[in-house]
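*Asks:* The structure follows.
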Amino acid sequence: MRYLTGKPGWLLLLALGLAFPWFARNDYHLTVMSTAYIFALATVGLNLITGYTGQFNLAHSGFMAVGAYTVGILTVDHQVPFWIAFALSGVTATVLGFFIGLVSLRLKGHYFSIFTLCVGYIMFLVIEKWEGLTHGTVGIIGIPAPSPIGPLAFDSPRSLYYLVFFFLVLGVWVMHRIVTSLLGRTFMAIRNGDELAESLGINLMRNKLLAFMLSVFYAGLAGGLYAGFVRFLGPGLAGVEHTFDMTMYMLVGGLGTLLGPLLGALAVPWLTQYLQFLQEYRFIVFGPILVLLVIFLPHGIVGTWLGWRARREAGVAAPSRNAPIAGPSAAEVGTRPGGSHA
Amino acid sequence: MDLFLQQVLNGLTLGGIYSLVALGLTLVYGILHVPNFAHGAFYMAGAFVSFHLMKAYGFNYWLAMLGSAACVAVIATLAERLVFHPLRKASGLHPMIAAIGILLFLEAGAQAIWGADFHRMQTPYTGILDLGGVTAPVQRLLIIAAAFGLMVVLQLFLRRTVTGSTIIAMAQNRDGASLVGIDANKVAMLTFAISGALAAVAATLYAPINLVYPAMGHLVITKAFVIIILGGMGSVPGAIVGGLIIGFAESFGAFYISTDYKDIIAFALLVLILSLRPQGLFTKGAH
């Protein structure tokens, strides 16, 4: 079991992802999985600011929508080639994130969350009302599929699946590099106690801003992929319930771990698929699950398991469950320097 | 001039409702130091319960309001007992996420019971008064009178009664309050009950000139957050003043700037103010 969170575990996941089109019984399954990958990519980004840096951002789906609309508007209204628009989707989200972060990250804790909740609403309302730019409630239809790159054409569900999968793997790999670097530890130090971090000479504002921009860059790119994959857009994408969904993915798996949010983002949509009869009412089940997780398993499934393993290896007593959310990953960072990061 | 007075009337109506919602939010924040995202769902639940009591059981408007206040007070108290109490020592992120869990549950629950459609609530007060050129629907005047009346009652309760003082004491210093023998559990439950009842009354007052639907709490609660940031989190007078500021900003903004963007005005104001004063307008220091 212990090897599953190390390199072999990741290779297994990679192999499963590559082989999935052969398991999938129909194109619909491929579509469900690809959509899950897109939201997983955004969740991996959200986890950097919320899970690793400790700033509970509620505007993430807004940034995703900004990326998506960048692609939608540029390709449909201005005939920009898909890949150029896609590259710009990450850029617009990041530039916007810079300005929003500049104001919001000066606020601490709850203030930051409420501020970003409001920012999310502003984004939603602007997308809904600014018909000249965003087509308003009608939405953008007829977004072109990703154009072929050399011999690679993205004209079938299977090729689109691999395209999305490629970006998810790339995104997770880059995130792994970030969170295991000095920069990633700086972020975690801020999460675990910003006054202590500041006293160690960490520039809080600059690092929080960097984490925020990296995080919304992921959201922007995920949005860009979404536009190219689903090929129509409406203001609903910016809705705060998508941020709530992503928060749930993170929490189910474990905030501040790399594997947890990823597994959450891949597992929960399938759960929703198999609980089809719930449809719109899925939150009747998921709401209490969220509450129970927070109360009884605050570190999520992967986080709790990692914490348990780290403690067993270190032979120390279990810390209180109300310790800062860092629990498992701090232990992990402490006991496995430079080791594989789950 | 008449048009100006018309906007004043609208501003007072909106401000009254926002203040009531923000008051509940700010009381709970004062006690728990948690932004209760579920408060918007309490508001929504209040409107639906009133609507249901009137439609299915033929309750009169005021009786329905009373019933819904009691019902939502129970829901809020249950939320405190089952969710926030076990989390009272948890770090900042987790109670917020739990509050979102309650919000999602209540919204999906309302949708399962009453459907996703928009409903219109009837009110016995459909008349329109002409106050020297300003036309005032009676329901709006009612909202203003009831909201501000309730605020006075709440203020008297908090300042003049022992039970009210315990809430203030606990908001000021939890440890100090328990040192002098205040039962923190009882006060927390009472605060949640009051906050739920206020949300239900606000929703029942406002529903006849708006609509009743599962997502109706979203915008109101987000604006209530703007208000308590403006007014200082945990401050009762701040919530009232902040509510009026946002109410007036919105009604004048809708009239002089654009109806389409009226919902953005509150948020734009927040962004502007926090850019200049990160700790809010009236607070001494951010929490």
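Yeah, the Cβs are placed from backbone N, Cα and C, and that goes for glycine too.
Feature list, courtesy of TrEMBL:
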TRANSMEM  A:7-24  transmembrane segment
TRANSMEM  A:30-49  transmembrane segment
TRANSMEM  A:56-76  transmembrane segment
TRANSMEM  A:82-103  transmembrane segment
TRANSMEM  A:110-127  transmembrane segment
TRANSMEM  A:160-179  transmembrane segment
TRANSMEM  A:209-229  transmembrane segment
TRANSMEM  A:249-271  transmembrane segment
TRANSMEM  A:283-308  transmembrane segment
*Asks:* Looking at the transmembrane segment (A:209-229) and the transmembrane segment (A:283-308), are there 3+ C-beta pairs under 8 A, with each pair at least 6 apart in sequence?
*Replies:* no
*Asks:* When you check the transmembrane segment (A:56-76) against the transmembrane segment (A:249-271), do you get at least 3 Cβ pairs under 8 Å, counting only pairs 6 or more apart in sequence?
*Replies:* no
*Asks:* What same-chain residues lie close to the transmembrane segment (A:110-127): Cβ under 8 Å, and 6 or more beyond its ends?
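*Replies:* Apart from its flanks, the transmembrane segment (A:110-127) reaches 55-63, 65-66, 69, 100, 103-104, 134, 235, 238-240, 243.
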*Asks:* When each of A:30-49, A:160-179, A:249-271 is checked against the transmembrane segment (A:283-308) for Cβ pairs under 8 Å, which one has the most?
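*Replies:* Highest pair count goes to A:249-271.
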*Asks:* What residues in the same chain, six or more past the boundaries of the transmembrane segment (A:160-179), come closer than 8 Å to it by Cβ-Cβ distance?
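*Replies:* Distant contacts of the transmembrane segment (A:160-179): 14, 17-18, 20-21, 30, 33-34, 37-38, 40-41, 44-45, 47-48, 52, 145-146, 154, 187-188, 214, 218, 221, 225, 229, 258, 262, 341.
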